Each structure stands twice: as C-alpha cells, then as structure tokens.
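Notes follow once the structure below has been shown.
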Amino acid sequence: MARHSVMYFILLSALIDKSQACFCDHYPWSQWSSCSKTCNSGTQTRQRRIVTDKYYFENFCGQLCTKQESRECNWQTCPINCRLGDYGPWSDCDPCVQKRFKVRSILRPSQFGGQPCTEPLMTFQPCIPSKLCKIEEIDCKNKFRCDSGRCIASKLECNGENDCGDNSDERNCGRKKTVCSRSHNPIPGVQLMGMGFHFLAGEPRGEVLDNSFTGGVCRTVKSSRASNPYRVPANLENVNFEVQTKEDDLEADFYDDLIPLEDNKDQEALGSGLATSSFRVPIFYSSKRSQSSSHSSAFKQAIQASQKKASSFIRIHKVIKVLNFTMKTKDLQLSDVFLKALNHLPLEYNSALYSRIFDDFGTHYFTSGSLGGVYDLLYQFSKEELKNSGLTQEEAKNCIRIETKKRFLFVKKTKVEHRCTTNKLSEKYEGSFMQGSEKSISLVQGGRSAYAAALAWEKGSPVPEERVFSDWLESVKENPSVIDFALAPITDLVRNIPCAVTRRNNLRRAFREYAAKFDPCQCARCPNSGRPVLSGTECLCVCQSGTYGENCERRSPDYKSNAVDGNWGCWSSWSSCDATYRRSRTRECNNPAPQQGGKRCEGERRQEEHCTFSIMQNDGQPCISDDEDMKETDLPELESDSGCPQPVPPENGFIRNEKKQYSVGEEVEILCFTGFKAVGYQYFRCLPDRSWRQGDVECQRTECLKPIVPEGLTLSPFQTLYKIGDSIELTCPRGLVVNGPSRYTCSGDSWTPPISDSLSCEKDVLTGLRGHCQPGQKQLGSECVCMSPEEDCGHYSEEICVLDTTSSDYFTSSACKLLAEKCLNNQQLHFVHIGSCEEGPQLKWGLERIKLSSSSTKNESCGYDTCYNWEKCSATTSKCVCLLPSQCTKGGDQLFCVQIGSSANGKTMNICEVGAVKCAKREMEILHSGRC
C-alpha cells in the first residue's frame, strides 16, 4: 500500500511542471487581525484572499498554498500599577512634638512597566496633647553640658576646638589653652568613615559619627605620601596608611545569569539588634572579605541589559586601598545632625517618624574598613556568540583578565594566550575578545565619578583610552570610598541621650516594619522562574540563564525547561506573646509554589523571637535612659498598725487578689502559673498578730513548655504547652537529618532526653548510602551488601539499648551499628529498647523479654526489633506491641507452670500468655516448664 502511495505522489509531481505550479502570491494576504490580548501573549491571524477561478484549480493551489497564518503578539506581561492603601486613623497626639500622624502603606508595587507611586505615605497636623511629654534631660553631673544636650569632659571647654559640634564650649572664654603645638590637617576622607550605611539599598547615607571630634588629645599619624602628619579623631581606634596593593591581583568571575549577584541577607548578616525577615538585596561584593558594597542603579542597569538578549556576564574587579581603619567599640561621638535627629524623636512609637532615621542615616555604621577604590566592570556577552566562540567559561574569563591587564593596568609581564586572539569572536574585532562583548557596566567605587563612568563602554563606541584607568587611579587618592568594610546596627549608637532605651527599642521595632518594604514577596511572579527584586516601589525581574525580555518572558532556542521555581510569600503577622514570652510568624512557599521539578524555597518557614507584654495602665511611653532599672512595680508599701503584709506565694505560684496590705480575717487564694497545678490547701488567712495561717501547698508541673529549638529545625506538633507523656519530633528540610536525637518526651519537669543547643541539620549520608536496600544494607551498584558497623556508621543514628547475650552486658549503641550487625548475622546482639540504657522498669522488662525469647516459636523482624509469640508488629510505628492474654491462642507445645500474684495454686500457660502477662507488668513467677 505504501509503495502505491509513493508512485501516486511521483506521478502527481510529474504532472505539475513549472508552468503549471501555483504561484501562491497571486492571492495576496489580508491584513493581520487585531491581537486577541493586549498583553500576556495573544495571537493574531491573516487569510489569503482566494478566488476560486480557473487558475486556482488548474495549478492545484488548494493543495499547495497556505490559506491562513497566525503569530504571537503582545507577548509582554501586563503592567501592574503601584497601588496605595487608604490612610489609617489618626495617631494619638504626641506630647513631645504636639502633632498627630496618619500613614498608609503600598498595597502593591509597580511591575512590568506599570505606573509608579508618587504620593506621600504619611501626613500630620498640629494637635493638643492629653499626655505629658516625659523626655528628661541627661544629667551631665561634673561634665560640661553643650547647648545640644551633649555632655563632654570639662577639660574640653575653651581649648580652641569645637568639641560640642555647636561651638557652645568655646563661648565666653578668656584665655584659651591649645591641645596641639601646631595645626594638623584631618585624615583625607575621614568624614566618609563616619557616614551611615543603608544596608538594604546598599549605599552610604548621612553622617552619624563626628570624626572631627578629637577629644582634647593630640594624636597624629604619618603617611608616606604627605610630609606633615594627620590629626587622628577620637572615634578611631587605629588607622594605617601602609597598605600594599599587588600589581596583578585582578580577579575574574563568570556568571550564566545575574541571580548569583543578588545576595540573600538573613538576620545574622543584618547584625544583632536589627533582626528581620530574609529578603534579597542586590549586592556586588567589592572583594572576598568585604561585607558588602552595592550599586542598586548599576544592578538595575545590568538587569535591563540582560533583558534585551540571552546573556552571560564576566566580572573583572581589583581593590586599591589607601588606608585601613578601625573604630572604637564604645564611647563614640555622634555627629551633631544625627544627635539632633535622635533627640527630636517622640517617645510614643511612630513608624513614619522613626523610619525617617533609616532613610536619612542608613541602617548601619562602619566599624572597620578601608578607604580606596574598586576597579569593577561587568562585561555582557551574547550567550549565542560566546557559545560559538568555542571558548570554555574558564577560558573566556581568563581572556578578559589578560586583556584588561595588558590594555589598562600596564602589567609588564602579561602573556597573551593564543586562544584569546584566534577564536571566532575575537577574530571579528581584530583579535580583541573584550570588544566582542555587548557592553560593560561600571560598578566602580571611588575616584571622580566622571572617570569611573568613562571606564565603561558599549559596542560600537570607541574603547576607553589607556589613560582613563590611570586618571581614575590617581583620583582615588583624593576621592576615596569606604571599601572592604564591616558593619554594626545603627541602634548601637543610640546611647547616652535622653530616653535612650525607649528610643532604641522603638527604632528596632521600626526597622522590622521598614525592612518589609524591601521584601520582594510583594512582587508578582516573574515568567520563566525569573527572580523578583524590589527596587524602591518597583519590582524588577532578574532572568534565569537562557531567558530574556523586559520581564524574562522570552526564551532562547535551547531553553526547554518548564520547571517553576518556588518563591516565598510574605510573612504573616507576629502572633501574640505567649506564656513562654515567645512569639512566632510563618510564611509559605507559594509565590509561586514549585512546579514540574522546580526548586524549593530556601530559608526558614517559621521564625520565633522573645517578646514582652505590660500589665500596667498605659499612661504614655515611659522615658527609660541607659543604666536605669525601670520595672513594673507597685506603689511604695504603706505603713499600717494592723493587718498582714503580702504573703510569699510558693514557687511557680502567685496570689489571685494581690495587694500590699490585707485586713485581719481576709483570705488570699494561691494559684499556679500555666503548666502547674496547686497541690494542698490553697487559702491563706490573715491573723490578728499580722501573720498568716497557711497549710502546705506547692505548684507541681503538669505540662512542659515548648522548647526553644536551634535554627533550621522544625518542631512538630507545634504547641505552647505539652502534657506529661506527650512527644515531639524535630525534623530537617528534605535531604538533611538531625545530628542528634529527633524524638523527645515530656517527663514532668523537663524533656527526655534533654534537648541540646548543638543540634543542627546535616546531610543525610546514611539514606544515600542505603539507596533502595533494606535497613542495615548499602547499595553498591545494583547490589545490596551489608554495611560495615565501623566504616559506614560514623554519622549519627538513633540511640538504642542493646544486650550482648554472650557477655550478658547491656550498652547503648547506634541503630546503624545494630542493623549492620544483624545483617551480618550476629545473633548475640539483641534490641532492648529505644534510647540509652538506664536502670528502671523499661530495662528490667527488656532483659526479661530477651530471656523469654529463647522459647518463642515466632521471630518476626520489626524495625530495630524482633517480635515474639506474645507480640505483633505495628505497621505505623514499626514497633512490637504486646497482645492481651485473652488474644493468645490456647494450647501449644511451649507450656509453663506459673504462679500469678498471691495465688497459691499453679496455672498452666503457653509462651504467648506468659509473655503477655509479664508485659502487662503483673507479678508472675515461672515454677517450671511443662504442665502443672
């Protein structure tokens, strides 16, 4: 049949010669229809304007011509406009600034080219307060008080230096004493060391430290580049100009996409005191040791460049240091402008006013670092051209490094590799691999901005001249930046000002809310598993390797994956403070959830933190300064000639009707805290001699408090309190296991076994080793062999109590070792119970059970254990469960004469009944084997 079809086709082709073939363009196309969608990929169609004439039939146009075509249109993602919420209610009138405020939040950032939000998020109006302003001035004691409220040492008054910052210490002076015998210039760029740093935006902000303050000490440091020494400010612990920069320490990195350049900063990275949720901040590291140095505008430029075509990136960077510095750890002098901003903060918490501190002065300050510059360029290459060049990733980045050294850094001994000039990409540009890039993006830090910008270039433009690098390098000495720095939270500086503790706590609370504005959980899903990044009020998409487009909606021909990577949704609100003074919040991996083999979300799903709550009447925020013990206490005790003072409750108890004085004959009731119960007579009576008549009463624990588990572990079931006998289990993310016991039981006053602080998650080596084999075995190729107890059981596995029947000794072993020994047919080791061996009823029954097992006709493997005649294996727990004596089959060969309890008569039982009775912990003595 197939042969006849081929012959028919050949004959048909022969009949249709060139003169008879249909010229399809004889029938023109109609206009393209309008797109079915305005965005998010629609379709449009067009049809041929066919006329069924003689030409149409004679030339087989119906068979040869395409009558309709369709194409994709408006593939760009639909824009999302930024949307603001309504203003909330007016706040209470702040008694210190005499204003009230109302705020609103961004409900949705703009994305995919939507309209941005430009309206303010806060408004205020004057008001008449109903509370008193409780800000108190700091007592300077024997120090000099500046007009700004700052306290400085008395010896600094009238020394010819502006130590107050407002010059109030130099007024009305007679004779002035000098500190230094001659004048000294400040260290170049010393003000930069005192700038705040906005960790979330990745840029310096306002001055927080006054590095012009010298503290009345003439301390100087010399530089080899200057003849006169520089004056060292009081805030600096150490400064060193003798910094060596190697000629050839140029580093190169290759990136398939920009996602590795986007750094995920967690709580620890933010520093103690400013803990918040995990969120992504675009960071470009200035060197290996650098904490961070970011350029959000440069990052945005790189994202936009990558969206135009499928790209790879090569980054070239070199650090040039002028000096190193270290700040003091305490007694830092704040800048006058920062001090004034702190002093103007209200005592009553106001999110908008406190958040302005972070906008103006950043979130952190520099504790150490270097002044200098970073030569840092990001070269964008077409992924297709780079692939066609024939170079590997390692060869490509090496070629850029070599050409940079030769062209800009003037390194004398630079060997040019043959592959760098003769590959297909370099040959298009006269042997220059660098000019084969689409563009380079300047991430340069330090130096004059004009020189830094001139180091970048774009295809089609002239390559930067050789002197551009030397001009920039020379300008770094006069215009350095802070690089290779370490940070500390700005809240650490809020000390020795009025109400420092109150304001410090308010700032920490404000930061938690402020940081949420940078969390990309608010962004919509990016196409093709693009990574969303929140930049201001706009969401951007960082494209995966092999995707491009304004929103990563386009794919390279070789990108075939349909996997959707998971991304975190936003954190829930914090729960209320519970009885353990802890609160928690959660988030879900549903923005989107991983699909079709996509990556799971990285990071923790649940967070916990310490919390407090107040039982005092709210008369306004108290002013708490450093070194003050402000506690919730009652009024001072009043003198009384009759009645009883407040009695002392038992440990873990309190008095229901608590007060300072009680009348004669009055009773008080003793209650216990949550998790405890009162045992004894709970009432005390006040006697005429001002003593209390009270019986024995104590608060005994009935429940266990929720334990604090190390970070990374998940506790289940999650409850505030657990009853005695309840168990909890600790688990790790998929592929990891707990490096210690995972199951714990509430035993009254503590958890058994004790929960160690050193618990963590580690790679699940044993499961990987076991493969598809039975417990105690490992997979070698396609075969299953017994594990070696010595070589394969080095990682943690559950502790169990084991009896060696040869020596009659019992000891604690790992489950891995027991299973491996059983696989090797070691008959002398027997499972006793889960957990370490400890004297008690559990161990006693375990040993007796093993003795009885010698008479058992049933030996059923069950988890670590072997079940005998009087037991069955639980399918859910893989543990042996005792039968009831009535469930045992009567008769059999294994019979015993036993005496139960105080009965004088013997009774005949089989092995199942004997084991069941003993398992039920009933008193029994085996008189002899056989019938009575």
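Positions of Cβ are set from backbone N, Cα and C atoms, glycine also.
Long-range Cβ proximity for C22 (disulfide bond), meaning a same-chain Cβ under 8 A and a gap of 6 or more residues, is found for Y55, Y56, N59, F60, C61, L64, C65. Look at Swiss-Prot and you will find C22-C61 (among others) tagged as disulfide bond, backed by similarity to another entry.
Taken from Swiss-Prot, the feature disulfide bond covers C39-C78 (among others), and the record attributes it to similarity to another entry. Of all Cβ atoms in the shown protein chains, 15 besides its own fall within 10 Å of the Cβ of C39 (disulfide bond).
DSSP assigns C82 (disulfide bond) to coil, not to a helix or a strand. Other C-beta atoms found within 10 angstroms of the C-beta of C82 (disulfide bond) number 20, with every protein chain shown included. As annotated by Swiss-Prot, disulfide bond applies to C82-C117 (among others).
Sequence-distant neighbours of C133 (disulfide bond): residues of the same chain at least 6 apart with a C-beta under 8 Å from its C-beta are P95, C96, L347. In the three-state DSSP assignment, the secondary structure recorded for C133 (disulfide bond) is coil. Positions annotated as disulfide bond by Swiss-Prot: C96-C133 (among others).
Taken from Swiss-Prot, the feature disulfide bond applies to C146-C164 (among others), supported by similarity to another entry. Here C146 (disulfide bond) comes close to I152, C164, G165, D166, S168, D169: these same-chain residues lie at least six apart in sequence, with C-beta atoms under 8 angstroms from its C-beta.
Contacts of C158 (disulfide bond) defined by a Cβ separation under 8 A and a same-chain sequence distance of 6+ are given as D169, E170, C173, G174, R175, K176, K177, in order along the sequence. Feature annotation from Swiss-Prot assigns disulfide bond to C158-C173 (among others); the stated evidence is similarity to another entry.
According to Swiss-Prot, the disulfide bond annotation covers C399-C420 (among others). Less than 8 angstroms from the CB of C420 (disulfide bond) sit E395, N398, C399, I402, E403, S426, F433, each of them six or more residues away in the same chain. DSSP classifies C420 (disulfide bond) as helix under the three-state reduction.
Using a 10 Å Cβ-Cβ cutoff, C623 (disulfide bond) registers 19 neighbours. Per Swiss-Prot, the feature disulfide bond maps to C499-C623 (among others).
Using a 10 Å Cβ-Cβ cutoff, C570 (disulfide bond) registers 14 neighbours. Taken from Swiss-Prot, the feature disulfide bond applies to C521-C570 (among others), supported by similarity to another entry.
For C523 (disulfide bond), the number of other Cβ atoms no farther than 10 Å from its own Cβ, over all displayed protein chains, is 23. Taken from Swiss-Prot, the feature disulfide bond applies to C523-C539 (among others).
The feature disulfide bond is assigned by Swiss-Prot to C672-C699 (among others). Every protein chain considered, the tally of other Cβ atoms within 10 Å of the Cβ of C672 (disulfide bond) stands at 22.
Feature annotation from Swiss-Prot assigns disulfide bond to C793-C816 (among others); the stated evidence is similarity to another entry. C816 (disulfide bond) is surrounded by 23 other CB atoms, counting those within 10 A of its CB over all protein chains shown.
Marked as domain 'TSP type-1 1' by Swiss-Prot on the basis of sequence analysis: 22-79.
The annotation domain 'Sushi 2' is assigned in Swiss-Prot to 702-763.
Other Cβ atoms within 10 Å of the Cβ of W29 (C-linked glycosylation site) number 14 in total over all chains. Taken from Swiss-Prot, the feature C-linked glycosylation site covers W29 (among others), and the record attributes it to similarity to another entry.
Around W32 (C-linked glycosylation site), taking its Cβ as the centre, 13 other Cβ atoms fall within 10 Å, counting all chains. The feature C-linked glycosylation site is assigned by Swiss-Prot to W32 (among others).
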Spatial neighbour of C499 (disulfide bond) that is closest, considering only the recorded positions W90, W568, C570 and their CA atoms: W90
Distance [Cα-Cα, Å, rounded] between W568 (C-linked glycosylation site) and C521 (disulfide bond): 6
All-chain count of other Cβ atoms within 10 Å of C539 (disulfide bond): 23
Sparsest Cβ surroundings (other CB atoms within 10 Å) among the disulfide-bonded residues C78, C173, C399, C499: C173
Candidates C78, C82, W90, C117, C623 (recorded positions) - the one closest to C521 (disulfide bond) by CA: C82
Using Cα positions only, nearest of the recorded positions to C816 (disulfide bond) (W29, C523, W574): W574
Helix, strand and coil residues within the region 'CCP 2' (689-765) as assigned by DSSP: 1 helix, 33 strand, 43 coil
Rounded Cα-Cα span from W32 (C-linked glycosylation site) to C539 (disulfide bond), Å: 34
Candidate nearest C672 (disulfide bond) in space, where candidates are the disulfide-bonded residues C82, C117, C523, C623, C793 and distance is Cα-Cα: C623
Distance, C699 (disulfide bond) to C82 (disulfide bond) (CA atoms, angstrom): 57
Residue among disulfide-bonded residues C117, C523, C570, C699 with Cα closest to the Cα of C793 (disulfide bond): C570
